[in-house]
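A.B. asks: TrEMBL lists these features:
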TRANSMEM  16-37  transmembrane segment
TRANSMEM  43-62  transmembrane segment
TRANSMEM  83-107  transmembrane segment
TRANSMEM  119-136  transmembrane segment
TRANSMEM  219-240  transmembrane segment
TRANSMEM  261-285  transmembrane segment
TRANSMEM  301-323  transmembrane segment
TRANSMEM  344-369  transmembrane segment
TRANSMEM  493-515  transmembrane segment
TRANSMEM  527-548  transmembrane segment
Amino acid sequence: GGSYPQKNAEILSSQYGINLFLAGLLLTFAWAVHAVGISKSHLLSYLITLMLIQLLWMLWYLCRSCMQRRLIRDKDTHAGARWLKCGITLFAVITLILDSFKIGYYIDFSNCLSPAEGIFPVTHAVHTILQVYFLWCHAKDVIQSFKTLERFGVIHSVFTNLLLWTNGVLTESKHQLNEHKERLITLGFGNITIVLDDHAPQCNCTTTTLCSIFSQGIYYLYPFNIEYHILASTMLYVLWKNIGRKVEHHQQHKTPFKFHGITVGMIFGLIVLTSTIAIVVVYLIQIGRSKIKSELALTMFYLHAIFVLALMCTAGIVALLIYRLEDRSLDNSKNPARKLDAELLVGTAAGSWLLSWGSILAIICAQAHPKYTWYNLPYSVLVIIEKYIQNLFIIESIHREQEKVNDDIKTLRIVTISRGSTLSLTPSYKEIYNGRAAHEIGEVPCLFEGSICGRENGGAKEERGQENSSVVHSASDFSFYSRNSVTNNKRRVLKNIAAFLFLCNLSLWIPPAFGCRPEYDNGLEEIVFGFEPWIIVVNLAMPFSIFYRMHSAASLFEVNCKT
């Protein structure tokens, strides 16, 4: 009977959040298409109101938690990992720099900008600071009091961050689209109607140099702002799912990240990362300069991406084969954070799959095929296959139970008193392990040369010599070391694969996040589907594709820690 009102509260709060989001989404869309009577100040005022409400709720929650700090609270040990908190803190710091640029931009154009454009970055900066502090202190909380009120407060925070993410995605996409249209004008595409979507202020800047720095710098910082808000919304969603949950109290094994044993994966991953940065720089310099330079830039991008994706597919297949050779059970316990990770991997991968299938269909249906467009076919196919394989690897990895025996064989110091004297003995873990097996059949093996051995039934004790002890242990020692060596080798390979894929996903996040988007620039899809329809598809799918790479990198980091 007690769960019924709580289930109703969950449904009501989720519907509240969805309606909040849809209203903001419609307002954002109206501003984007220049709807009559809707200006940017209306959108920003709505977002400012949502942020202020969230600030009030967070302050109330923090004050209540401070007053009850002596109470023992339930915690979800799987939620709010330290590396995730460090990641969101990094993105938040860059977001604060973005807010400072927006404040400077508003000061320079204050004569023709609405006050909302000045209030928004200030409110957003305060919101960012308090929210990061809140997530650091309370991301693991399992709320058991004021549950109905807290559900509405947390879900309000989730959808506020989603709307801020949507606003950032739209602003950044409009900027990328304008740059793309300018490149098409330079290349002389006369068969495509091109109208620049300009939201620039209708007045002169007070300081030209600073205005240029602020206006250009803002768009290079938007990718980090976008990742910050989507990470915050996912962490808050896990907090919402944990409200009223009964937590199983069991010890959580700490999984620190170690560089030991992943040298090969890190080296190959850093090579991919370095080469990707170089490719992006060359691409952004060459694209749009002339037709020949643009085609060379596209060819260079496709060849590099094909090589990287092929390596990632191979690494993922090797990891899955290793898993097939192991016989380890899966952890099917209730875990909202793990479930959300798996759903986000599959859901956001659909963005890349949509773009890839669009490119494949365009190549098949197009009447003319410039040479560089043929590289788009294997690239699109590999994007689909690589995400299939990587999703399988990550989802299985986060569901596999951790090994309870540490990789490093620890030694136990045993002090035994014999005949009135104290002996310091150091048998290894494998001797204790083998001793346990012998104990099950009624014997307790000798732990050291000349030791006193006993039987389980409490029989008389007798001394055994070195020769007899070594014979007893020789076979079991060899078997243990063989099994341990094979297991360690498998784990080492898996850790290197996870480290390599982690850096590769970071590498593949960089090009679309910073404007290297061949889906815009190769022109084939725009000819087949039409300019406006294809641009709509790209603008809808690209944010999910970008988020997929960052979320995959975060998940692979966790896999590396667990392996």
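Every residue, even glycine, has its Cβ placed from backbone N, Cα and C.
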A.B. asks: Using a Cβ cut-off of under 8 Å, list the residues of the same chain at least 6 residues beyond the transmembrane segment (83-107) that approach it.
C.D. replies: 113, 117-118, 120-122, 124-125, 128-129, 131-132, 135-136, 139, 206, 210-211, 214-215, 217-218, 221-222, 224-225, 227-228, 231-232, 235, 257, 554, 557-558, 561
A.B. asks: Is the transmembrane segment (219-240) packed against any residues at least 6 beyond its ends, judged by a Cβ distance under 8 Å, and which are they?
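C.D. replies: For the transmembrane segment (219-240), the far contacts come to 13, 76, 79-80, 84, 87-88, 90-92, 94-95, 97-98, 101, 128, 131, 135, 138-139, 141, 143, 151, 154-155, 157-159, 161-162, 164-165, 168-169, 171-172, 175, 336-337, 340, 344, 513-514, 543, 546-547, 550.
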A.B. asks: With pairs restricted to those 6 or more apart in sequence, evaluate whether the transmembrane segment (119-136) and the transmembrane segment (43-62) have 3+ C-beta pairs under 8 Å.
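C.D. replies: With 3 or more qualifying Cβ pairs, these stretches touch.
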A.B. asks: Could you give the residue numbers and ranges of same-chain residues that sit at least 6 residues beyond the transmembrane segment (43-62) on either side and whose C-beta is under 8 angstroms from one of its C-beta atoms?
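C.D. replies: For the transmembrane segment (43-62), the far contacts come to 20, 23-24, 27-28, 31, 114, 116-117, 119-120, 123-124, 126-127, 130-131, 134, 137-138, 150, 153, 156-157, 160, 163-164, 167.
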A.B. asks: I'm a bit unsure how to read this: which one of 16-37, 261-285, 493-515, 527-548 has the highest number of Cβ pairs shorter than 8 Å with the transmembrane segment (301-323)?
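C.D. replies: By the under-8 Å Cβ criterion, the transmembrane segment (301-323) pairs most with 493-515.
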A.B. asks: Checking distant contacts: for the transmembrane segment (16-37), what same-chain residues at least six beyond its ends satisfy Cβ-Cβ under 8 A?
C.D. replies: 43, 46-47, 50, 152, 155-156, 158-160, 162-163, 166-167, 170, 174
